[in-house]
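K.L.:
Structure provided below as structure tokens; questions to follow.
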Amino acid sequence: MISNFDCTDNQASSKVLRPPGGGSSDIFGSEMPQTPRNVKNRMASNIFAAEKDNGVKNNVRQGAHRFYFIGDAPRRGQKTVDSHSRLFGEPTRPITPGKNHMKSSIPFGQNTEAVAAQKLLTTNGHYNGKSGSVSSASSSVSSSTENLKMNSGSRSGEKRLALTGAGK
């Protein structure tokens, strides 16, 4: 081993040490076995080469689904079982029929009283908004006509004259 430190000589040493990693960087003085560097040539094409074992590598996929290995199928659709379902089983739900949206509400060739009774059953007797069969204008006319019939007893002669125009 070569030593640059000499206590008896007070001259400055003119030797330059080798940079780290160059030549022999062994500080203990023994020779290191030379092994070739294992660098993958990323520019080499392997289109026609035989596939290597992908199962040998332990590649964990990064990102949202990182808890399975690349090449494995992702674990989707696993049913989570809560304690209520585990203890008591699945709840039984009554089957409700879906509404037929294509069914027409216009009666063609049917008895109008039967249709009115059917509508009364389906609406539970409530008429809100446009679902009622009688419009507000026609109901006000019919109610005023009924009021005339009921109140015609006291002044029937005056009304008849006013209606016929004979009083003038």
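Glycine is treated like the rest: Cβ placed from N, Cα and C.
Straight from Swiss-Prot, here's the annotation block:
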- 1-33: region 'Disordered' (REGION)
- 1-14: compositional bias 'Polar residues' (COMPBIAS)
- SER24: phosphoserine (MOD_RES)
- THR35: phosphothreonine (MOD_RES)
- 76-87: compositional bias 'Basic and acidic residues' (COMPBIAS)
- 76-106: region 'Disordered' (REGION)
- THR92: phosphothreonine (MOD_RES)
- THR96: phosphothreonine (MOD_RES)
- SER105: phosphoserine (MOD_RES)
- 124-168: region 'Disordered' (REGION)
- 131-144: compositional bias 'Low complexity' (COMPBIAS)
- SER133: phosphoserine (MOD_RES)
- SER144: phosphoserine (MOD_RES)
- 145-155: compositional bias 'Polar residues' (COMPBIAS)
K.L.:
Residues with Cβ closer than 8 Å to the Cβ of SER105 (phosphoserine), same chain and 6+ apart in sequence?
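P.N.:
None - SER105 (phosphoserine) has no non-local Cβ neighbours under 8 Å at 6 or more residues apart.
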K.L.:
Identify, in sequence order, the residues in the chain of THR92 (phosphothreonine) that are 6 or more apart from it along the sequence and have a CB within less than 8 Å of its CB; answer 'none' if there are none.
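P.N.:
Listed in sequence order: nothing, so none.
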